[in-house]
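One structure below.
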Amino acid sequence: MADNRDPASDQMKHWKEQRAAQKPDVLTTGGGNPVGDKLNSLTVGPRGPLLVQDVVFTDEMAHFDRERIPERVVHAKGAGAFGYFEVTHDITRYSKAKVFEHIGKRTPIAVRFSTVAGESGSADTVRDPRGFAVKFYTEDGNWDLVGNNTPIFFIRDALLFPSFIHSQKRNPQTHLKDPDMVWDFWSLRPESLHQVSFLFSDRGIPDGHRHMNGYGSHTFKLVNANGEAVYCKFHYKDRKAILIYGVVKLTPKTIKASHIQYPTTLWLYQKITNQQMILFKKKKAFTLKKLDKTDQGIKNLSVEDAARLAHEDPDYGLRDLFNAIATGNYPSWTLYIQVMTFSEAEIFPFNPFDLTKVWPHGDYPLIPVGKLVLNRNPVNYFAEVEQLAFDPSNMPPGIEPSPDKMLQGRLFAYPDTHRHRLGPNYLQIPVNCPYRARVANYQRDGPMCMMDNQGGAPNYYPNSFSAPEHQPSALEHRTHFSGDVQRFNSANDDNVTQVMAPLSSVRVAWSFFSMSAYIPLLKCLLLLLLSRFSHVRLCATP
């Protein structure tokens, strides 16, 4: 039996083996005082009451009473790992960020994968978007690329985010998950259709955290050393390919349902029985040759397997990631960018900052940047994963926000929730600390100040005492905006063009109606949903 156990199951055994012949440590209180007896309380006689002077008991219980911190309001269930990012291609023409400084440069990273709507004890195999957040520890401070496993999202305006999340959580009276709430919101906000179709495709239930793509999702701005800027999107792919023109005979027997991965100008991406890839547009067909299957490949779970694992091993994704790294099977992804000039953005057929849409790969091809590798498991889950805090506003010089409304909203919301959940000095927690940069500012004090509080340095600015000075080289790129100030309604900004491809639509419909068979919806919601899907124009999503 023991031979069949995996590294996660044998963690305690491995911890003991690592200590070898080392003697057990002396058991102490939180204050470091040795404990004489950890099994029995201090009482008056064997049946007597406890004594207030039993500091071993009070020290233990007082800490136990305060062990739990608020879970994340979203992305509560997650798994984390550590590794490095290595530059493989030069993009300094686009960005001066030190993380991209030269080919071969490695930057330490922390990554957290998660589900979105579930609580911290929920199953890893539910149909839900996955968080894919990366913290780069750079010399210019941390860069947090806080994305998902989808290039799009349900809404395009951050003002709707609290209501969207409330609709995905529990009913305020019954405290039960309520599909009427979920589908009511989705049906009333037509911009959610793209993400809903993605969610009910095969990729809605990835096989663990290793077998899915990651996306920065938002549009960002890159600035180079000359002050020239472009807009960009970030992608973590685990497969790359080139297009080789040729003819492939397309028959129903040769097609196996797969995933929409490539340009929106092409109708379909499928896998053929001879392991070739094909792309076709109307009557034309092209072959795709695999160049570099970077490690894991895309894998998804069937509805049946996902339900079984939710019962048998709700921590399936966490376990799979831990065991892969523990056995040296290090997961990795290739980082790509898409680039759009400011002039191209001005004439783009839709809002390029709209989080419910993608940039066509045929017009804005993927540009390889580097490799992300995870090679270390957390030493302690609470210290290095539960306390791991990502903040989209952490951007070093060379990377800046775009006008993306959802990104703009997250720039405030994320650090705000960390200050609530972890405290105002959460950036001093080791896993969040920008340890490769020297932090020097005029922020002081607050609960759990764990460092030297910047000693005797002045705590005001400006001053005459050689304290930290601002650096003009770190100024944001100058951008001009002009327009009327009002609350613009974007609910009907073409919500269907990019939604799904023909064969994919069949599988999405099957997933949806399979679910609705055992989750009865209000008839009015079902009719509204059908009306939304009836407007879908069949296109593809990268």
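Each residue, glycine too, has its Cβ placed from N, Cα and C.
Because TrEMBL annotations are produced automatically, they should be read as predictions rather than curated entries.
Feature annotations, reproduced from TrEMBL:
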REGION    1-42  region 'Disordered'
COMPBIAS  1-22  compositional bias 'Basic and acidic residues'
BINDING   Tyr414  heme binding site
TRANSMEM  508-530  transmembrane segment
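Within the chain, the region 'Disordered' (1-42) has long-range Cβ neighbours (under 8 A, six or more residues past its boundaries) at 50-51, 53-57, 59, 63, 319, 322-323, 326-327. Mapped onto DSSP classes, the region 'Disordered' (1-42) shows 12 helix, 2 strand, 28 coil.
All protein chains shown were included, and the count of other CB atoms within 10 Å of the CB of Tyr414 (heme binding site) stands at 19.
According to its DSSP assignment, Tyr414 (heme binding site) is helical.
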